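Notes follow the structure.
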Amino acid sequence: IRGRNCTQTVEFSLMGFAGNPELQLALFTAFLVVYLMTLLGNVGIIILIRTSPQLHSPMYYFLGNLALVDLLYSTVVTPKLLSDLVRQKPLSYVGCVTQVFVFSVFLVTECFLLATMAYDRYMAVSHPLHYSVLMSPRLCVQLVGGSYLAGLLNGMGQTIGMLNLSFCGSVVVNLFFCDLSLLASLSSSDSTLTSLIMTVPTFLFGVSSSLIVLVSYIAIVSIILSIRSTEGKCKAFSTCASHLTTVSIFYGNGLFVYLKPSSLKSREEDKWVAVLYTVVTPMLNPLIYSLRNQEVKEALRRLRARKRT
């Protein structure tokens, strides 16, 4: 009955992939491998950046924070997913609210970190001689701090939206984590305010961060096209290649999820799209930056050589 308030007794059964018992062992193994690679890759990137003086530059400062955010928002989702594949256990109301808050914080923080990195790449391509002066340590800290602040504001907004909803008894969620847009449709109360709270920050934060990325890369492409030598063009493009790959994967998944018509939502493939941006993408980012970046490869070789001696 809508309007009835019995939230305090509610439990959330995150069904996720529980409907495929014959696949659960294979899924558990695959997700465990991916999560371990996520931990190893992102922790490795953070340690490598902190211990390698040649990586103490704005680009790698942003990359270290991106690795931290990837590690944290994957950890919000994946351990619970693995646990439910072994033994289904309902999530408490407090646990669900916490998951909504933390995931919302780090998801938007990642959006703005990627936007900040796009701006950083623009400065590196357009002002190579003055790059270290323009991208000062103080500015870098401010940009990263602003990214976390945007994430925190989004998390607070999403949490208020969650607290505005009422649920009764055991709520079955056809996903492997607490997603506010899905929870709003399962609520026993009017979700109009919550829908507004979800829509406004998504528009403000999502559109603003994506516009920064888009404008930065339009400017970068125009600069690259104005370079006469082929070698210069290749060097300028290689400066942005890893970040452009990461942005394409992240925003590609996001556009599919949030811009798909509502009549097509709640299909089974939505779970797999959610797997891509919550489980797989945090694993891919350190691989993209380590496999395609000569400076990271060189820093890794020096670190290995240091350990041997």
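Including glycine, each Cβ sits where the backbone N, Cα and C put it.
Residues annotated as domain 'G-protein coupled receptors family 1 profile' in TrEMBL: 41-289. Look at TrEMBL and you will find 25-49, 61-82, 94-119, 131-150, 162-183, 203-225, 237-259, 271-291 tagged as transmembrane segment.
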Practice problem: Could you give the residue numbers and ranges of same-chain residues that sit at least 6 residues beyond the transmembrane segment (203-225) on either side and whose C-beta is under 8 angstroms from one of its C-beta atoms? | Solution: 108, 111-112, 114-116, 118-119, 121-122, 125-126, 150, 154, 233, 236-237, 240, 244, 247, 251, 254, 258
Exercise. Test the contact criterion for the transmembrane segment (162-183) and the transmembrane segment (61-82): 3 or more CB pairs under 8 Å, pairs 6 or more apart in sequence, then answer yes or no.
Key: yes
Self-check item: Among 25-49, 61-82, 94-119, stretch most in contact with the transmembrane segment (271-291) (C-beta, under 8 angstroms)
Solution: 25-49
Self-check item: Segment proximity, the transmembrane segment (25-49) to the transmembrane segment (94-119), 3 or more C-beta pairs under 8 Å
Solution: no
Self-check item: Arithmetic mean of per-residue pLDDT over the domain 'G-protein coupled receptors family 1 profile' (41-289)
Solution: 86
